[in-house]
Amino acid sequence: MASGCKIGPSILNSDLANLGAKCLQMLDSGADYLHLDVMDGHFVPNITFGHPVVESLRKQLGQDPFFDMHMMVSKPEQWVKPMAVAEANQYTFHLEATENPGTLIKDIRENGMKVGLAIKPGTSVEYLAPWANQIDMALVMTVEPGFGEQKFMEDMMPKVHWLRTQFPSLDIEGDGGVGSDTVHKCAEAGANMTVSGSAIMRSEDPRSVINLLRNICSEAAQKRSLDR
């Protein structure tokens, strides 16, 4: 059974000129992992960074931090090997970006990374189901991918609930517009991993925000288990 409540800051809205220092601050503040958004300007209109930055972060931060790569790219097959060489831990690709998810899943595993599979708000969760037993994590987008600081889409929660019901041992991640006023909705629906960007990154005390999110998430998850 997927357990615990892991909080992963998204560095999308951080100062990219001081990215290493900001990531270190997040880890020192109690982050369970780092959520790194890779955008190519094709799959989504924005552009962020690629594997050279990930490789630099690994050298600066050491081997312990878990890098969850959210690959918002139109050719996810192209970047598996470079991200593996850069020592990414998990390669999360979008179901909408490939015609051969099974082949891509196999390639990611053969390159030594965990597999995440993401779906946009407009994609039915049932399309993810055939691959759920072959992946480590399902990412349910709660905003349209591509930019930070969007409003949380509560109508995505039935997707999370359906996945948790159908695949109880699967890690499920909510990503987009998640803060202290919305994290409980993700956890109550069944998410055990939460990505939060602005709520953490813009805070003068990120440790307190991370702890608050984790506590709210844990309480909501406990409530969910009692309500069964």
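Easy rule for this one: first residue shown is 1, then count along the chain.
Cβ atoms are placed via backbone N, Cα and C, with glycine included.
When Swiss-Prot records HIS35, ASP37, HIS70 as binding divalent metal cation, the matching candidate from ASP171, ASP175, ASP181 it lists for that site is ASP175. Cα distances from GLY146 (substrate binding site) to the binding-site residues HIS35, ASP37, HIS70 are smallest for ASP37. Within 8 Å of the centroid defined by the CB atoms of HIS35, ASP37, HIS70, ASP175, the record's divalent metal cation site, lie the Cβ atoms of GLY8, SER10, LEU12, LEU36, ASP68, THR92, LEU139, VAL195, excluding the listed residues themselves. Between the C-alpha atoms of GLY177 (substrate binding site) and ASP37 (divalent metal cation binding site), the distance comes to 14 Å.
Between the alpha carbons (Cα) of SER10 (substrate binding site) and HIS35 (divalent metal cation binding site) lies a span of roughly 5 Å.
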